[in-house]
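A short worksheet on the structure shown next.
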Amino acid sequence: MSPKTETKASVGFKAGVKDYRLTYYTPEYQTKDTDILAAFRVTPQPGVPPEEAGAAVAAESSTGTWTTVWTDGLTSLDRYKGRCYDIEAVPGEESQFIAYVAYPLDLFEEGSVTNLFTSIVGNVFGFKALRALRLEDLRIPPAYSKTFQGPPHGIQVERDKLNKYGRPLLGCTIKPKLGLSAKNYGRAVYECLRGGLDFTKDDENVNSQPFMRWRDRFVFCAEALYKAQAETGEIKGHYLNATAGTCEEMMKRAVFARELGVPIVMHDYLTGGFTANTSLAHYCRDNGLLLHIHRAMHAVIDRQRNHGMHFRVLAKALRMSGGDHIHAGTVVGKLEGERDVTLGFVDLLRDDFIEKDRSRGIYFTQDWVSMPGVLPVASGGIHVWHMPALTEIFGDDSVLQFGGGTLGHPWGNAPGAVANRVALEACVQARNEGRDLAREGNEVIREATKWSPELAAACEVWKEIKFEFDTIDYL
């Protein structure tokens, strides 16, 4: 045996494989205020003990690998390793449990959601000892969240920019989402904004296709919103989608939007990536642009109960990366979203301090300190009959977005916008008068139809439309 090898042995190095739980399962550990905490739903392979599976998650998402390495002796493993500090059973699920893992703050680069996710969810989800793994929640300590800019402006600054208070904001996604020329697209934008909406929106997959290049769309939409502003006396906006194939092209589109003087741009933050999104958010704050965020691709990640990542984690990540709006489900429309769960992550988007509440899926108390909030956007299969429920569920600090529920009006786009604006104003007035929208909502809408033929026509068209399917993701 060489002297060098003897030296390794003398400091305790022993080659081979040992159980993760011997190093990474530490039920006696007391979490620190600076730790990033994670709650994983773990489904181990048959024969793998819960402690070993939880420890494996902690190891493979922090400092561990499959075998002992002698370079462990060159650092302080106790300082840098993740620790599985608690395990609890999942009620009604014999083969699942929640593993709580604490990560030291020094494992993560400051101000980088990309690095945070690369570490915590980047590799461990393919681990063979696990049948399935889902990240249910993260606790982001102020010591880490303060390294992020967060939303470019936030809720209060947006209201001040728009001079609109005391009600939800109204939007509309232009349909058909693909195939319109830039001029016809701009026409639809103008008609919707003139009819009473606050915003119109590019759909998530409208970028720069052969039928409508981005620069043409930006110019016609800017012309449309300025014309609508002049005619209505209200500040209007259109979410110009700056998402592109490269960060450089994305920034070029955002710069052109700023030169046009429009108030807001848009980004698909999951398909575009967190690095690109954070860069765009920084540009938007520096240049006075609001930033609307679409969550295209989220259901690939978050829809299955046993594997992936819950949207509340993606919502927290977006608040750190930066966005002033984000789509958050509707509860009542065509897209997935259970009420208590949805309201849980809506609070995580908007509020400064959110208490732990397992009944709403919130595993940790979250303190955002001074980070601005994000407006949740309710969009997808909603129409005027949903307005009372949406107003009651989401409150004033939200954006209610009707695509087909505006453009599908039998009289055209502008009457569709009028119908939605009248319905919203009626619901807000009824709520302010003390009426119970959950119980009296339909009556409130019927009363408003007496004064608005546009609303009456909309109510007739969509009176039988419902999306009644069981939610997949429930508590």
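Cβ atoms here come from the backbone N, Cα and C positions, even for glycine.
Taken from Swiss-Prot, the feature N-acetylproline applies to Pro3, supported by sequence analysis.
Feature annotation from Swiss-Prot assigns N6,N6,N6-trimethyllysine to Lys14.
Taking Cβ-Cβ distances under 8 Å and a sequence gap of 6 or more within the same chain, the neighbours of Lys177 (substrate binding site) are Asp203, Asn205, Val206. DSSP classifies Lys177 (substrate binding site) as coil under the three-state reduction. According to Swiss-Prot, the feature substrate binding site maps to Asn123, Thr173, Lys177, Arg295, His327, Ser379.
Sequence-distant contacts of Lys175 (active site, proton acceptor), defined as residues of its own chain at least six apart whose C-beta falls under 8 angstroms from its C-beta, comprise Asp203, Gly403, Gly404, Leu407. Residues or ranges marked as active site, proton acceptor in Swiss-Prot (evidence: sequence analysis): Lys175 (among others).
Taken residue by residue with DSSP, Lys201 (N6-carboxylysine) is part of a strand. Around Lys201 (N6-carboxylysine), taking its Cβ as the centre, 29 other Cβ atoms fall within 10 Å, counting all chains. Among the features that Swiss-Prot reports, N6-carboxylysine is placed at Lys201, with the record citing sequence analysis.
The annotation Mg(2+) binding site is assigned in Swiss-Prot to Lys201, Asp203, Glu204 on the grounds of sequence analysis.
Positions annotated as active site, proton acceptor by Swiss-Prot: His294 (among others). Annotation note: His294 (active site, proton acceptor) sits in a strand segment as assigned by DSSP. Cβ contacts within 10 Å of His294 (active site, proton acceptor), excluding its own Cβ and spanning all protein chains shown: 28.
According to Swiss-Prot, the site 'Transition state stabilizer' annotation covers Lys334, on the basis of sequence analysis.
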*Lys201, Asp203, Glu204 excluded, remaining Cβ within 8 Å of their centroid (Mg(2+))*: Thr173, Ile174, Lys177, Asp202, Asn205, Val206, Tyr239, Asn241, Met266, His294
*Nearest to Asn123 (substrate binding site) by Cα, among Lys201, Glu204, His294 (recorded positions)?*
His294
*Pop the Cα-Cα gap between His294 (active site, proton acceptor) and Ser379 (substrate binding site) into the table, whole Å please.*
10
_Checking the spread of the substrate site as listed (Asn123, Thr173, Lys177, Arg295, His327, Ser379): what is the longest Cα-Cα distance, in whole Å?_
36
_His327 (substrate binding site) CB neighbourhood, other CB atoms within 10 A_ = 21
*List, in sequence order, those recorded positions among His294, Arg295, His327 whose Cα sits within 10 Å of the Cα of Glu204 (Mg(2+) binding site).*
His294, Arg295
*State the three-class DSSP label for Asn123 (substrate binding site), counting H, G and I as helix, E and B as strand, and everything else as coil.*
coil
*Any idea what DSSP makes of Ser379 (substrate binding site), helix, strand or coil?*
strand
